[in-house]
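Annotated features in Swiss-Prot:
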| type | residues | note |
| --- | --- | --- |
| BINDING | GLY39, ALA40, PRO41, GLY42, THR43, GLY44, LYS45, THR46 | ATP binding site |
| COMPBIAS | 355-368 | compositional bias 'Basic and acidic residues' |
| REGION | 355-379 | region 'Disordered' |
Amino acid sequence: MSARTPLHAPPSHEGIAHFPREIRRFFTGEPGQTLLVNGAPGTGKTLFTIRGLDVLSREGDVLYVSTRVDQETVYEMYVEGHAALDRTALLDLSQDPFGLPMDVDVPFETLNLESLLSWVDAISAPATKLTLAFDSWRLVYEYLAARHDSPPSIETVTNQLVALARDAGVRLVLVSETATQSPLEYIVDGVVTLHVTDNERGRTRRQLRLEKLRGVRIENRLQPFTLADGQFKAITPVELSTTQSVPDEATWEPLANPTARFSTGIRDLDTILSGGFNRGGVVHLDLGADLSRDAWSVLVLPAIRNFLANEMGVAVVPPKEGSPGLLHNDLSAVLSKAVFDTHCHVFETYAGPTRDHDDAVDPDRLPGHDTTPTEHGTLSYDPYIARAERIREHSDGPLLHVISMDTAYHAFETRLGDFANYVALHNDASVLITKPGTALRTRADRVADMHFRLECAGDAIVLYGETPLTPLLGIGVDQSGTIPEITLTEMV
């Protein structure tokens, strides 16, 4: 169960960042800033720090300082294959505090709390935009404090170090061993806290909280992240408009349908589901609160595209609040008008202003369609099935049914079990869309063999499976191909 997680996301890729842009702005703004990184053991502080140094190493010199793990171990565990840092950027004070990657004349032989400031001052002189990371700062302090009879407090030493960093233009990262508030937060310029929780099903959720970043506007304090493949990666928002197709003369190749499955149209999701949706199965797409009105299309549009490209029929009852013309405009960008008219029918339900004729889908476009899908202005079950059968006559094999349970409540209120049997009998696939407050939400779950939930995590969008059980999956968009490709990043 492995989704792709490229080391360096190209500019055409949305939804994943290798370092939060707010923290990058914090360090590339006013010189000499100090960042305190809080978090309990196991939250990912070291990987966060290594990733930050990797990013900042492109602009200047960096040095990772520790006292508990030797250089080779740090390199093999956190750096090799994941970052561009050289071994010489990793320093173990307990082994060789003077084994520096730059030529420095240090005016003392033993390092302690008093000489630490002179040491920092000495190595900053020949360096270019130096960034120093102490992991962890308290352990470094305690290691050096043991060489004093009456050592100054960690707050005193931190004050002195932060003042020196400002004067010398050195960027500091001080890693803490706790997520609780400490007096150090009032000394430094920026504070971030890493959190991790596991629910009762073992699903891991990681969040980075931006407590304060001097000189930087924080629009979203909570940012989800992942440590997949041993790398820190932030999960970032995706503009839904970028998930939709635009006209392109290049050839688009649909994904193949395995023998017992239908491709979801999302390569990463097919991998997780061992090929895609079950033939004859029902998928429950459970929408969380605060999603935008077209968020449902992120998972559904790729499947619709793939069905139509394979000349299989699609019947769609979209949410009432969905954008008018969304499906028609997207699909017509990559499929011919003949394919759309012959194999797809959208039951128009938009509750807003009247749409232009060009955006509308004529309910009688399909040849021989003489049955209206509504009774007394409301979608009804039997006319829906009759229309689906008309689509089947002009398509190659099974159908995909995409149905908003809010929109189709009256049609399926007492017929959901019948519909599931119909889907199984014809070897079709169906996606039932529900949202908070949907009356048929529980019933949809009972007839479904797959249950996915789409929800907000900060400003980002994440997907996860309840059946089958999956980790949180950050949603991204790769726009380097003919059409936008949805990507999924495991959040572990």
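Cβ coordinates are placed from backbone N, Cα and C, and glycine is handled just like the others.
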With the fewest other Cβ atoms within 10 Å, the residue among the binding-site residues GLY39, GLY44 is GLY44
Within 10 Å of the Cβ of PRO41 (ATP binding site), how many other Cβ atoms can be counted across all chains shown?
10
Residues with Cβ closer than 8 Å to the Cβ of LYS45 (ATP binding site), same chain and 6+ apart in sequence?
VAL37, GLY39, ASP135, SER136, VAL175, SER176, LEU194
Nonlocal residues around THR46 (ATP binding site), in sequence order (Cβ under 8 Å, 6 or more apart)
TYR78, ASP135, VAL175
GLY39 (ATP binding site) falls, by three-state DSSP, under strand
Around ALA40 (ATP binding site), which residues of its chain at least 6 apart sit with Cβ under 8 Å of its Cβ?
GLU177, THR178, ALA179, VAL196
Restricting to the chain of THR43 (ATP binding site) and a gap of 6 or more, list residues whose Cβ falls under 8 Å of its Cβ, or answer none.
ALA179, LEU194, HIS195, VAL196, ARG206
Could you list the residues of the same chain, at least six apart in sequence, whose Cβ is under 8 A from the Cβ of GLY42 (ATP binding site)?
VAL196
Within the same chain, and leaving aside GLY39, ALA40, PRO41, GLY42, THR43, GLY44, LYS45, THR46, name every residue whose CB is within 8 angstroms of the centroid of the CB atoms belonging to the recorded ATP site, in sequence order.
LEU194, VAL196
